[in-house]
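Here is what TrEMBL says about this protein:
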| type | residues | note |
| --- | --- | --- |
| DOMAIN | 3-288 | domain 'Heme-copper oxidase subunit III family profile' |
| TRANSMEM | 15-33 | transmembrane segment |
| TRANSMEM | 45-63 | transmembrane segment |
| TRANSMEM | 83-103 | transmembrane segment |
| TRANSMEM | 184-204 | transmembrane segment |
| TRANSMEM | 224-249 | transmembrane segment |
| TRANSMEM | 269-287 | transmembrane segment |
Amino acid sequence: MATKHAYYVPHEAKWPIVGSIGLTTLMVGFANLVNGSSVGSTMMVLGAIIMVIMLFGWFGTVISESVAGSYSHQVDVSFRMGMMWFIFSEVMFFSAFFGALYYTRIYSIPWLAGGLDYSNGATHELWTHFKNVWPTNGPGEVGGHFEPMGAWGIPFLNTLILLSSGGTVTWAHWGLLDNNRPQLIKGLAATVVLGFSFVALQAVEYHEAYTEMGLTLGSGIYGSTFFMLTGFHGLHVTIGAIFLTVVLLRSIKGHFSEHNHFAFEAAAWYWHFVDVVWLGLFIFVYWL
């Protein structure tokens with residue numbers, strides 16, 4: 001058991017090395033895939049499998065140490081600070097993507113259309129028929145003809161789903177703080193169902209975009225920014241839903257108490273983060 005002032009130092013572990021091997025294999029495979037090598041996809045799959053094994057092994061070790069009472073208050077503070085910095089890095093990650101969308105809509109497109117005071121006239125002469133409109137398929141219509149994704153179908157439904165999931169995870173947290181395990185488990189289960197429902201609906205949305213609307217990654221800057229922002233957000237929702245699933249299973253096993261539940265709070269913080277990002281996506285990608 002950890003004392004109040006002791007800081008637990010884990011034994012030597014193989015998982016960082018395993019993770020390095022997996023990540024290197026994944027990135028080398030991606031580089032080969034981009035360059036048309038036949039081994040690229042195989043290496044990526046192998047790297048992904050190694051990464052999954054590493055994650056299960058490493059997090060399993062951390063969970064075992066936590067259940068054994070090895071972690072003191074200082075370790076808990078370290079975990080919280082680490083999660084805060086991780087979420088901050090994710091904020092910067094999505095800020096860059098939103099910045100790309102802002103720059104495209106406010107500066108690049110008007111400049112190519114010759115609509116800014118400081119724009120070079122040569123750009124408008126090069127694309128004489130290009131207009132300052134959004135969505136756009138690009139100068140010379142390089143993106144082909146496509147239908148933009150509306151806001152009031154699946155995207156609006158997904159907004160309601162994510163907002164509701166934020167409420168259910170908060171309700172689960174209240175249950176944990178009140179030592180009400182049934183409320184905790186029901187709230188987490190509802191959040192997990194809502195999270196995976198969001199992912200499923202986004203898959204349907206992508207299928208419609210490609211098969212019925214002509215909207216693809218190659219649909220000019222609109223298609224690129226649309227799939228870049230919504231795709232990475234969807235990946236984060238998937239990760240968050242898996243995270244919450246693990247927390248749900250641990251809650252069923254009774255791993256958390258009202259005073260010791262960092263893993264739950266980390267998952268909840270992450271989930272609220274993806275909620276906020278989605279609101280920005282709904283407003284600036286789908287609506288405006």
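Glycine is no exception: its Cβ is also placed from the backbone N, Cα and C atoms.
The model shown is predicted, which means the values in this text are computed figures rather than measured ones.
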Same-chain residues near the transmembrane segment (15-33), Cβ under 8 Å, at least 6 residues beyond its ends
39-51, 53-55, 57-58, 61
Per the Cβ under 8 Å criterion, with at least 6 residues separating them from its ends, the transmembrane segment (224-249) contacts 59, 90, 93-94, 97-98, 100-101, 104, 149, 162, 169, 185, 188-189, 191-192, 195-196, 198-199, 202, 206, 215-217, 263-264, 266-267, 270-271, 274, 277-278, 281, 285
Using Cβ atoms and a strict cutoff of less than 8 Å, what residues sit near the transmembrane segment (83-103) while being 6 or more residues removed from its termini?
225, 228-229, 232-233, 236, 266, 269-270, 273, 277, 280, 284-285
Distant-in-sequence neighbours of the transmembrane segment (45-63), which means Cβ under 8 A and at least six residues beyond its ends:
10, 13, 15, 18-19, 21-29, 246, 250, 255, 263
What average pLDDT does the predicted model assign to the domain 'Heme-copper oxidase subunit III family profile' (3-288)?
87
